[in-house]
Amino acid sequence: MEQAAGCPAVGGSYPQKNAEILSSQYGINLFLAGLLLTFAWAVHAVGISKSHLLSYLITLMLIQLLWMLWYLCRSCTQRRLIRDKDTHAGARWLKCGITLFAVITLILDSFKIGYYVDFSNCLSPTEGIFPVTHAVHTILQVYFLWCHAKDVIQSFKTLERFGVIHSVFTNLLLWTNGVLTESKHQLNEHKERLITLGFGNITIVLDDHAPQCNCTTTTLCSIFSQGIYYLYPFNIEYHILASTMLYVLWKNIGRKVEHHQQNKTPFKFHGITVGMIFGLIVLTSTIAIVVVYLIQIGGSKTKSELALTMFYLHAIFVLALMCTAGIVALLIYRLEDRSLDNSKNPARKLDAELLVGTAAGSWLLSWGSILAIICAQGHPKYTWYNLPYSVLVIIEKYIQNLFIIESIHREQEKVNDDIKTLRIVTLSRGSTLSLSPLYKEIHNGRAARGSGDIPCLLKGSVCGRENDGAGVAKEETSQDNSLGMHSASDFSFCSRNSVTNNKRRILKNIAAFLFLCNLSLWIPPAFGCRPEYDNGLEEIVFGFEPWIIVVNLAMPFSIFYRMHSAASLFEVNCKT
C-alpha cells in the first residue's frame, strides 16, 4: 500500500533506517567473531587451529557467493528496467586497479594450492579448500563490482543491506587474515635480523607455523613458500579496495539520486610531462633503495646501519619534495575563487574519512619514534636520521590530506554564460563576419595549442582579405574606437584563460608527481622494508612486545594510506 501523501518520511525512512542499523550491527558482530578467531589462532590459543579460522572464512565466502549469484540473476531478469546509478561510485580506473590486484590474488591462490599439494600429508583439507573457494570468490566479486558498483538499490532493500554488509565485512576479515599472515612472516625475519644490530638482550622466539612434514618437491616448495609472501601486499590491497567499493554500494541503498549527467574526466598524459618525469625518478630510485635495503639488512651490523641510513636519507629527500609540491598546490587554490561542492556523496565522504583515519597509523608510529629518540639514553648515529624522517611523515600527510580533500570537494570549473555567447565581430570589406566556430576551439582548449600563439582576432587585428583600396582604409579608421573596445575585452579574456590554464597545468603536474611518490612510498613497507622494525631504538624504550604490537596494528593502515592516496590523486589529476 502506498504511503499517505502527508507523511512519507514517517512510513518510508523509519523502516529503512532500522534496517540500516540492524544490518550494520550484524556486520560488526560478524567481524568481531572472526577477529577474535584470528587473534586466537595467532596466539596459539588452546583448542583453536588454523583450520577453524579457514572454515569460518570459507563459510562467509560461500554465503557471499550465494547472495551475489542471486543478485546477478535478479538483475539479469530485470535488465530492461531503468536503474538509478551513482556516477561518482565505481570509477573505471578504480575497477581497473582492483582487477589488477585480483589477477595477482589469483596467482597467490594458485601458489597456495601448489603449496598444499606439496605438503598435503600434514596439512588440513581446509588449507586446500580455502584457496579454491577464494579464487572463485575473487572472480565473481570482481565481475559483480564491474557490473553493479554504481547501482542505487531501490527494491528488496532490507535483504540487500544484509547481503552487501555481509560482503563488506567478509572482505575486511580476509584483509585482516592477509595482514596477520604477512605480519607474522615479517616479524620472524625481523627477529632473525635483530641480533646483527647488537640487540642480543632481546629474547628471540620465532613464531613458526611451518608444516611438520617434508615437502614432496623441495624446489617447488621453496618457490611457493617464498612467492606467497611477495604476493600478499596485492591481496591485502585487493580486499580493502573491494570492501570500500561495497561499503559505498551499501550506503547508496534506498538513496535518492539527483539525475544529472556527470562530465567524463579521462586521464591524459598531455601536459603532465614534468610531474611524470620527476615521479618516475622517485619511483625508480625507491625500487633500487628497497632492493639494496633487503640485501644489506641483517648481513652484519655495519651493513644494517648503512641500509637504515640510506633509507632515511632517501625518504627525507622524497618527503621534503612532496611537502613542497603540496604547499605550492594549496597556495594556487588560495589564489583561486572557486566554491566547494557540498552535495551528498557517499564515495567522496568515505575517501576523505579514509585519508584522515588511515593517516593516523603512520602518525602513531612517527610520534613513537620521536618519543623514543628523545627518551633514549644511547643514540647510534643512524637513529638521528629517524627524527627528521618522522617529523616530515607527519607534516607531509597533513599537507597532502588538505590538498586531496579540497581537490575532490572543489566544483569543476564552469564557463561563464557571457563567454559562451561571445561572438567576435570584425569588418571585412564592409561585411560582418561571425567567428563562433573559432571560439569553440578556444573554449575547448585547442586554440593555438600547437604553436602557442593566440589567434589574431583575439589580438585585436582584422584577419580579412588584403586591403586594396583607400576607401577600405578610411572605413577601418572610422571603426578604431569600436575595434579598440573589442580588443581590450578579448585581450582580458585571453589573459585570464592563459593564467587559468597555467594553474591547471601546474596542479596536474603536482597531482601526477604526488601520485607516483605515493606509489613509491607504498613499496618499501609492503615488501618488507620497515625501519620501524629494524631501527631497534623504539624496542629498547617501549619494550620489544609493546612496540611490535603497535607496529603490527599501525602498519597496515599506513600501507593502505599510500595506495588510497595514490588512487585519490589519480582522480584529482583527471578532474583538474
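The chain as shown is numbered from 1 upward.
The backbone N, Cα and C atoms fix where each Cβ goes, and this holds for glycine too.
The transmembrane segment annotation in TrEMBL covers 26-47, 53-72, 93-117, 129-146, 158-176, 229-250, 271-295, 311-333, 354-374, 386-405, 506-528, 540-561.
Counting same-chain residues at least six beyond the ends of the transmembrane segment (271-295), those with a Cβ under 8 angstroms from any Cβ of the stretch are 307, 310-311, 314, 318, 321, 505, 508-517, 519-521, 523-524, 527-529, 573.
Counted over residue pairs separated by six or more positions, the transmembrane segment (540-561) shares fewer than 3 Cβ pairs under 8 angstroms with the transmembrane segment (129-146), which leaves the two as not touching. The transmembrane segment (311-333) shares the most Cβ pairs under 8 Å with 506-528, out of the stretches 26-47, 53-72, 229-250, 354-374, 506-528. The transmembrane segment (93-117) makes contact with the transmembrane segment (229-250): 3 or more of their CB pairs lie within 8 A, with pairs spaced 6 or more apart in sequence. Panel annotation: around the transmembrane segment (26-47), residues 53, 56-57, 60, 162, 165-166, 168-170, 172-173, 176-177, 180, 184 of the same chain, lying at least six beyond its termini, place a Cβ under 8 Å from a Cβ of the stretch. Counting same-chain residues at least six beyond the ends of the transmembrane segment (354-374), those with a Cβ under 8 angstroms from any Cβ of the stretch are 244, 383-384, 386-387, 389-391, 393-394, 397, 401, 404-405, 532, 535, 537-538, 540-542, 547, 550-551, 553-558, 560-561, 564-565, 568. Between the transmembrane segment (229-250) and the stretches 129-146, 158-176, 506-528, it is 158-176 that has the most C-beta pairs under 8 angstroms. With a cut-off of 8 Å between Cβ atoms, the residues of this chain six or more beyond the transmembrane segment (129-146) that come close are 54, 57-58, 61-62, 64-65, 68-69, 71-72, 90, 95, 98-99, 102, 105-106, 108-110, 112-113, 116, 167, 174, 238, 242, 245-246.
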